[in-house]
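Contents: one structure, followed by commentary.
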Amino acid sequence: MPAPEQGSLVEEGQPQTHQEAVSTGPGMEPETTATTILASVKEQELQFQRLTRELEVERQIVASQLERCRLGAESPSIASTSSTEKSFPWRSTDVPNPGVSKPRVSDTIHPNNYLIRTEPEQGTLYSPEQTSLHESEGSLGNSRSSTQMNSYSDSGYQEAGSFHNSQTVNKADSRQHPFTGSTSNHVVRTSRAEGQTLVQPSVANRAMRRVSSVPSRAQSPSYVTSTGVSPSRGSLRTSLGSGFGSPSVTDSRPLNPSAYSSSTLPAQRAASPYSQRPASPTAVRRVGSVTSRQTSNPNGPVPQYQTTTRVGSPLTLTDAQTRVASPSQGQVGSSSPKRSGMTAVPQHLGPSLQRTVHDMDQFGQQQYDIYERMVPPRPDSLTGLRSSYASQHSQLGQELRSAVSPDLHITPIYEGRTYYSPVYRSPNHGTVELQGSQTALYRTGSVGIGNLQRTSSQRSTLTYQRNNYALNTAATYAEPYRPVQYRVQECSYNRLQHTGPADDGATRSPSIDSIQKDPREFAWRDPELPEVIHMLQHQFPSVQANAAAYLQHLCFGDNKVKMEVYRLGGIKHLVDLLDHRVLEVQKNACGALRNLVFGKSTDENKIAMKNVGGIPALLRLLRKSIDAEVRELVTGVLWNLSSCDAVKMTIIRDALSTLTNTVIVPHSGWNNSSFDDDHKIKFQTSLVLRNTTGCLRNLSSAGEEARKQMRSCEGLVDSLLYVIHTCVNTSDYDSKTVENCVCTLRNLSYRLELEVPQARLLGLNELDDLLGKESPSKDSEPSCWGKKKKKKKRTPQEDQWDGVGPIPGLSKSPKGVEMLWHPSVVKPYLTLLAESSNPATLEGSAGSLQNLSAGNWKFAAYIRAAVRKEKGLPILVELLRMDNDRVVSSVATALRNMALDVRNKELIGKYAMRDLVNRLPGGNGPSILSDETVAAICCALHEVTSKNMENAKALADSGGIEKLVNITKGRGDRSSLKVVKAAAQVLNTLWQYRDLRSIYKKDGWNQNHFITPVSTLERDRFKSHPSLSTTNQQMSPIIQSVGSTSSSPALLGIREPRSEYDRTQPPMQYYNSQGDTTHKGLYPGSSKPSPIYISSYSSPAREQNRRLQHQQLYYQDDSTRKTLDAYRLYLQSPRSYEDPYCDDRVHFPASTDYSTQYGLKSTTNYVDFYSTKRPSYRAEQYPGSPDSWV
């Protein structure tokens, strides 16, 4: 199934957020009095003065602490052993650390707010106050754990240098911050294994919300959450009580810094683990798609209630505001280095939440300026980041720089299909209650859904290693992996549902590399095609599933993309995924392959898939899979592949037996003793059966060898015929499955006499009496005294079978290939011809009777007799009136073969002559038939009038001579040479009846009208014939050899060049899919809502001179009817589909009442030419003998 089209998300949080931001803005509340405003301003001024003094004292303490950090040599501890996932929690500082004095002083350092971004609709605002970063391990009983949100076992790419390297962070690469008041920040790396719960002591009244950050390898698609400072981009940690990764609030307790050795980060901030700043905030709000940027005068006091929101800033990723303000609050932080190689240090919260907001927006312009001065983006940056990580050796240690490499970003992944999800709100009404009156809206990540199990063993077996910018290692893959943008249409996936409110015990911190990135660059983009193809080889199933689904989406209707995927080798990778153990990967790989091999112009893709073992891989998946959707996709891919001539024989050799035994026989119900109603419903709606029969339909046109193998496949013919019988009994005449079965059987019925040994043994050369003629080549042998008749001993039963009684030569019920030519198959074919309104089914059924009735063997005669017995001749004649070129052509050829039987010839000449003549071009009504169809009608007329003077006279009385003369003389529209020769042949036959020449002369015709010299026909070859056909339409060689063989087009001198392949692919095989040549209407030959149009007309009196009258209009005026340009029937079918369950087919009304549907008059005497209503075929009550017309 193609991936759904990606659409934009409606941000549900915007209206509410905007309202909150406005409601908290200064002066926005109309009921605020001047007295209240003045009091608030004074209170804020006093607070600002107090904070200024505190910060100044703290600056001095920080400077002394910095000096101690530089001089002190730090040794590795247990916290600095290997860890694939590091988190730097915010540390609360209002609980005194042992041995550390914490005076509250003023700080004059201006903070820089960093906007962290994970996706286009989301942003995260962190307070920039910096403190020491520690990650500790403690007992689970006395601590809260940070939350791991949707941990994956397949959530990222591994760096070239593995992070399981047991390196210790012992390099104190400290460097003085260019601004005063900067402090040291410590990164402590614990030995906690990946996926292990991070345990921290909790402290009451201190909370930090961490919901989102830049996407890391561990991020789940449901919640793109921050991993803190996660050097290896490992998985997020899931908190207890927050099973679905809900944002959580954690109380934190200060850790004993002496228990851990730490390496000092180069960029020093205004806080230290030994001098905690009391004014640092303890809550960071994730504001979803709403990015809150507070700006104010950096030098002036901040009013108590003032929160100015900057919307549309380059740092603001969405145009919505949120309210994060409360009275009596301020914020102080350290400034950030204004240089391109900006060192990103995780931000820490201080002890006081009261100063979180007000100073947060004081220096918003300064952080904008910082990003303006950053270096240009690297060409291989994954999300357009601007920081140069290779140049950070002066700020970060080797391992830390390796850890924060930006290329650890991957596409959001999930197990399952391509889902798109809107704004997600957790059960606690989408807001986070902070201290005081502060609230913050948050929204979790909206890309992808689902959890996968994560194992640390998979981290060291990654396929693609990328540049380690810190270690300057060579990359095995130069192109960056960029995240694929997936969104869901509705938030209905069960794994998004929360079972409880958010946990309030986990601490979070932003990742180091996320702080260094320019938020303006955090825009999701569609991945490039080479990236998607490389993701097919990723070790994680969800990445592979997403990549395959995205390829399916890209290939839909785009042949250029299909060819590019083939050029880049994507077909091989998709075929490899067919043997994947994950069901979703199998589905998406099949869907992508189905689109890649759809269409006439994708033969190279089909051949490439065959060459890489795609057909055996599909069959393995079909045999082992029990999932209905997978089986449908597999058979759909095979259906599309079967339209390529170069692949057909490979499918027959490798897949024919498997398709028959695993799909055709079980789904048809042929081997079931009982056929209940439930199986009928399953049978009629089985898409797997539809796809498989469509594949067999294409394969049956691959030539003689293909037909032989399919006929000899056990159970195939029986099952196909059983499907037709079942559908006839359930009145399911127009389904695609029936159409495919009928067309397959038509191809398998071709050249039975010559290709099937059983047919030759069952009775060749025994048809003289049945054909009503003598065949000198068969019944006499030359001798010196002339030809001597053979003496044959025949029982009376073997002489003929007229459709009554047991069939000679068949004493048992037929099985297998014998059922193809058994006369019992005539009845279901005629039922479909009488009841179906699907032109493809009608053409296939008529073509089957055409093939079965051709030939010089007794079963062809039996078929002709069976058609007469089952009253099938009127059914065929009615279809001549149909407004469908290919159906008329097939029916005319079938009638021509039926006329080989003497009694059939009499009936056709008596009751069908007018229909045949009226389909000839000329007269007042324009002809919409192709040259091939007109030639087929002329051949039928020739056969009907041969050796039957009454029929020749009926043709003259019907006005046929005038139309035939117009064709041969080139009057009106020019006809092709084939049509001219066929018409000349009929006229020549009519002139042979000497008794009728007087009638011809009375009507104004002479010999010149009937005899066209061969030289004239040859000259016509060089004339300009605009409508000269180039189609290799030929009659069956068997048809050419029976009856009045002069009616065969081959004897008319109609020879057209054709290759050896054309000889093995006869004209009856119109069933190979040609993919892109199909249009919305399956049958372009008819532009009417219903392709069936049968007119009625009265028979003029015999005494009238019908030759001098204008012919009655054959068709009523219909402005919607268009001229057929080459009606294609089965060359376009089946449709190699791309959409699931999508087979654009024309729906036709049920045709049970022929008087209303086809406009037949309601009279009771059918002998009065064509003016009666034929009795219902399904009533099966036909009066008269087997030779009667009705």
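The backbone N, Cα and C atoms fix where each Cβ goes, and this holds for glycine too.
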Test of record reading: of Ser437, Ser686, Ser701, Ser1096, which one does Swiss-Prot tag as phosphoserine? Ser437
Of Tyr477, Tyr481, Tyr750, Tyr1130, which does Swiss-Prot mark as phosphotyrosine? Tyr477
With respect to Swiss-Prot, which of the residues Ser813, Ser1048, Ser1090 bears the note phosphoserine? Ser1090
Going by Swiss-Prot alone, which of Ser421, Ser1036 is annotated as phosphoserine? Ser421
Candidate set Thr84, Thr124, Thr147, Thr308, annotation phosphothreonine, source Swiss-Prot, matching residue: Thr84
Helix, strand, coil residue numbers for the repeat 'ARM 4' (861-900) per DSSP? 31 helix, 0 strand, 9 coil
Find the average pLDDT over the repeat 'ARM 1' (517-556) in the predicted model and report it. 87
